[in-house]
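Sequence annotations record features per position, and here TrEMBL assigns domain 'Methionyl/Leucyl tRNA synthetase' to 130-268. Feature annotation from TrEMBL assigns domain 'Leucyl-tRNA synthetase editing' to 316-515. Marked as domain 'Aminoacyl-tRNA synthetase class Ia' by TrEMBL: 530-649, 729-781. Among the features that TrEMBL reports, domain 'Methionyl/Valyl/Leucyl/Isoleucyl-tRNA synthetase anticodon-binding' is placed at 830-982. Summarising the annotation, TrEMBL assigns region 'Disordered' to 465-491.
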Amino acid sequence: MSACLRIASPGTRLARQFAHGQQHARQQHSLILRPHWPSSPAPSACFRARTPTPVFAHLFSTSSPRPYAIAPTGSSTVNTPASNQPLDYAAIEQKWLKRWKEDKIASSSLSAADQHANTASTAKEKEKFYVLSMFPYPSGILHMGHVRVYAINDAMARSRRMMGYDVINPMGWDAFGLPAENAAIERSIHPNEWTIKNIAVMKSQMEKILADFDWDRELRTCSPDYYRWTQYLFLKLHEAGLAYQKEAVVNWDPVDETVLANEQVDAEGKSWRSGAVVEKRKLRQWFFKITEYAEDLLQDLDRLHHWPERVKQMQRNWIGKSRGAEFDFTVPLASSSLTSDAQGGGKIQVFTSRPDTIYGVQFLAVSTEHPILDTIPEDHRQQLEEFKESLKRVVSSDQEAGPEGVPTGLFAKHPFLPDAKIPVYAVNYVVSDYGTGAVMGVPGHDERDNVFAKSQGMEIKYVVAPSSSSSTSTAGDQRSQPTGGALTAKGILTGDNGEFSNMSSEDAAAAVIKRASELGFGREKTSYRIRDWLLSRQRYWGAPIPMIHCHGCGPVPVPAEDLPVVLPMDVSFTGRGGSPLQQIESWVNCSCPKCGSAAKRDTDTMDTFVDSSWYFFRYLDPQNTLLPFSSAKATAGMPVDVYIGGVEHAILHLLYSRFLSKFAWKTGLYGKGAAVEDKEGNDPGRGEPFKVLVTQGMVQGRTFKDPVTGAFLKPAEVDLTDPNKPIQISTGLAPAVSWEKMSKSKFNGVDPEDMIASHGADATRLHVLYKAPPSEELEWDEQSIVGMQRFLGKVWKIVGMTQGETETGTRTASFEELQASMGAMNKDERELWRQVNSTVMELTTSFKSTYAFNTSIAFLIKLTNHISSVTPTVASSSVDSQQQQQQVVKKQKKGKSQVEVSPELYQYSVQSLVKMLSPLAPAFGEECWETLTTTVPGASPLHQSSSSVFSQQWPAYDTEAIKADKVVCAIQINGKSRFNVEFDMAELPLADKDSMAAQEQFLKDLIYKHERAEKWLKDENGQIKPVKKMIVVKGAKIVSFVL
């Protein structure tokens, strides 16, 4: 068939020629059955008896329908989409799950990175697309949040395969962690056994939601095959000087003698298990020096063009870069303390981002661990020790401790005011491992310092006045404020600032730093809020830290060839006495790799964030036994093109992943280097692991509370006879109703398996994707899921109409043929063609960039409704068909006007609809596609097709076809819509940025001729009212007049 084929109405010569060309295929069959269609004209499609039927009879059993079946509306018993029998989603899903397993259609091969890494390959490579959901902790239960993220992930992966990409879509398990260890204590089950069982359950649940993952790439972080390489990366960091030990504070249970995680400390600061008051204790622990990468992590946020801005801002705030100055304050010491400084004094260094406030310093605040406190007078030592003891009590995360402190008896000299004595306080809000462990207190211009100063009875001093001061002469008199609050904004320095008086804050800051540098007690300084990553955990269920402690050699790395350091399985769990690893002497005791003498293994395990900070590399090379991943495969597969997960991981997980990825890139574990990547235009480059970040919102459930007590109510305690007017059964009162994050404690959770059992996985997925854009909160409403079932039912009926066209030999026209024939289409065909192209463009854009799946589904529903409003003409030489061709184009069906379009366009439209729907509702899409394309025995080769819709090519679209023939233009007068005008799009003059005069004149002539213009645009004499401004927007869909 020529590419320039034109599809037109059945009466045209072109359509008759097309029909004649299809007679041969139809004449091969002798048995044609025309089913009874109640209360409607006979369809143009003829249903041919065949074996086997693609939609099996058991899918449409006439026995009692399942809860999620579409109820029958007619008495026909024909087992076809048009038969009105109940649509059994469960049977369809089970059928295709089995088929996918057998054919491995739903599984992606490992070819993506392999093909890129294989330089000997001469075949044209597909563009890779690496889509990844944050891997889950195997708790054993999927919740609706999981369903949402995996539905988004699955839709992306399936659509990209159809678009011709080589898709990498792996799944694994973040399998180490505290819950498994707690389960071991509570249920007497080994963490490994508990974890493996949960993984099996969750993997089965993922199958039920039709998630299509590359299970060949599956990994578990608790497997020695995985954490061997986590340990290897630790050694690499240690070798680079980025892994080190120092003392750090932990939560200590004095009764069970064990370290507690923050979540194991209750609101009263007590241990979740023993009930003892939890203390703060220092232990020697391992850190990663992430602060070395602070500037890179901060600057390269600007390279992440496809990350949500709020996530990037959260990371900027966490890194917390501040430019300012560092000053030295001299502390004269008592004569008994003159052992460390030849000049008879100690020194306190402070960093400030406001050097312009140096004259406003009224005290120095130091951490309780600051070395200067070793020199305090004896009469202050007891008070200091009591204060330090009080700080050992753990304060829960939901309590905010105010600034507290005690005087130390020490006084510092002000560097610019030598005669001023600045008191030194030990406080709770300065920590030893952040900055210098000391800050300068400026209560006039810092809110926290202001609160603390007032608690100590200080009179507040102000040295910076608001910049709105009328003159510099009055600025010097503004030494206090009536409110006594902190003035944190920059402004003009008062007259109390010596040589810097009356300068702006900006000028004064530069001048202060310059003078301090000249005098030797200050310097320009850049500081970061971020702290080094504490990764030691005093627990069992984690990757052992691969270090050995030798009395003579100190900490010694385990040789790489001796990895993994395997967790011993023969352990007992009591929850007391620290980590179980400490109790296993046969595991702890070993030889020093350096000197061979007796030594001991490190009994700490790594933070689970370490496991999850590099797993996306391992997915690209999961079977590698020599390295964590090959450089070639990682270079080819990275970055992850789309990373999907909750915004709650916006800081730590993403920051740690960026750090590990940048370390691997900088040390040559993967990547081509900055120069080559910049030349190639790699995005984002510089070792950034994730190109696009999609943060899905929480799934919220309808929540009921007692209006009097505020207690959460169970669904059984609420009468929902009228869902819009719930009543608390016990009181008869209307409960307080809200939408809140699903939680067991709030009784507002929904079990995904119940939803699938009630409504089917396809409808559940569509509902999740349709209710809200991925980044917004989703309010779960089970009642509205029925709308998705009705939508699928309408698609199923359309498929039935098209199935008949396939059986009677209608040839499927290609996109290029239909595109070339657009000029010969009648008005109704052009409108259908426009709707198809518009929908394809919307879904292509959605799957590639916007991820607005809710809008995509709305477009599919609109296209479905439009296809339902038309019917294919009959391209046949049979007597019945000839009689139908002689009928008028307009038909009446169920009281609605229905137009005819060419069968080739109709069939192409339905096939495009099914292709686009399939990534969102995969099992249903497969069933529809098989129904549309299953080969009829003895049919011509034209009817041959692939068995899976996901092996089909994604539909193309023509931007020219999207333009509407008619435009309805809304006329606004002074901001209010008053009437509409309609015109042919072809009549509208083109307008460019330089001139719109012709277009505006065309629109004016059209608008002023409209009868409603008499009222709104003309005066009582019929004269046109003066127009201040005429605005044409959206391609002349709106014209706004300002009178």
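Each residue, glycine too, has its Cβ placed from N, Cα and C.
Across the candidate stretches 130-268, 316-515, 729-781, the maximum count of CB pairs under 8 A to the domain 'Aminoacyl-tRNA synthetase class Ia' (530-649) is reached by 130-268. Counting residues of the domain 'Aminoacyl-tRNA synthetase class Ia' (530-649) by DSSP class, helix then strand then coil, yields 30 helix, 29 strand, 61 coil. Secondary structure of the domain 'Methionyl/Leucyl tRNA synthetase' (130-268) per DSSP, as helix, strand and coil residue counts: 69 helix, 26 strand, 44 coil.
Per-class residue totals from DSSP over the domain 'Aminoacyl-tRNA synthetase class Ia' (729-781), listed helix then strand then coil: 21 helix, 8 strand, 24 coil.
In the predicted structure, the domain 'Leucyl-tRNA synthetase editing' (316-515) carries a mean pLDDT of 85.
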